């Protein structure tokens, strides 16, 4: 599952745009002669925050195809045995998981990887890299596909969108509360004065800063959902196959990460980061060692 990219980057961009619109056209609805109307502000921020998150959710599948170069497999005309096997395996796993058959695709990447995305568990996309097809045996590949189907069946994208929407709302709310405080106490705005340019600049900057800091909450959920998807993969394809697939992926963690930054949240594996690396609090995936240890504790064949 590629680290928190496509969804979060799109969401952050929409959040900033929503914040600008809110600051320019919605100030009068929560700014009065006596200062901030916190009740109105919270409601407005909740609406704007959820809109940003839902836009990201509905765009996720389209963005995934564009950023990774995923080529969909025609379910009625697979071009070779590998494509035919992928379609059959995904169809079987989807049926067992109780979801509709997702779109299936292949994206060009030497790194072994895969992802699942989509706004609805019955309208999803599962894609694997060309490198994954070349280097994994069928049992391991089936486990990876089961892991991705697990993400879809668990409704991880919808849950992520709801969490991100709430986070967005509080980011926008506190950015404006802090911005108003600074505008009054640093720039000297009086109660009877409208917010000035300093207020708008401060809230825009705080939207970005608070958005990055608050992403730690979303990162925590991303790590949690990996354990759940691993469990789903183990139950659908076998625990040993899931462990074997993860250990094979571990050997590639020293390779440079070839996934677009926008898609890292949804990949099954992360390559080695180039340059500065954020603290574990901002990691979207548990380590392979942690994931394998959790699988060993799982009570399933």
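Glycine residues also receive a Cβ, built from the backbone N, Cα and C atoms like all the rest.
Listed in Swiss-Prot:
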- 4-24: transmembrane segment (TRANSMEM)
- 38-58: transmembrane segment (TRANSMEM)
- 147, 151, 226: Zn(2+) binding site (BINDING)
- 148: active site (ACT_SITE)
- 155-175: transmembrane segment (TRANSMEM)
- 200-220: transmembrane segment (TRANSMEM)
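Rounded to a whole value, the Cα-Cα separation of the residue listed as 'active site' and residue 226 (Zn(2+) binding site) is 10 Å. Of all Cβ atoms in the shown protein chains, 27 besides its own fall within 10 Å of the Cβ of residue 151 (Zn(2+) binding site). Ranking the recorded positions 148, 226 by the number of CB atoms within 10 A of their own CB puts 148 at the top.
Over all protein chains present, the Cβ of residue 147 (Zn(2+) binding site) has 28 other Cβ atoms lying within 10 Å.
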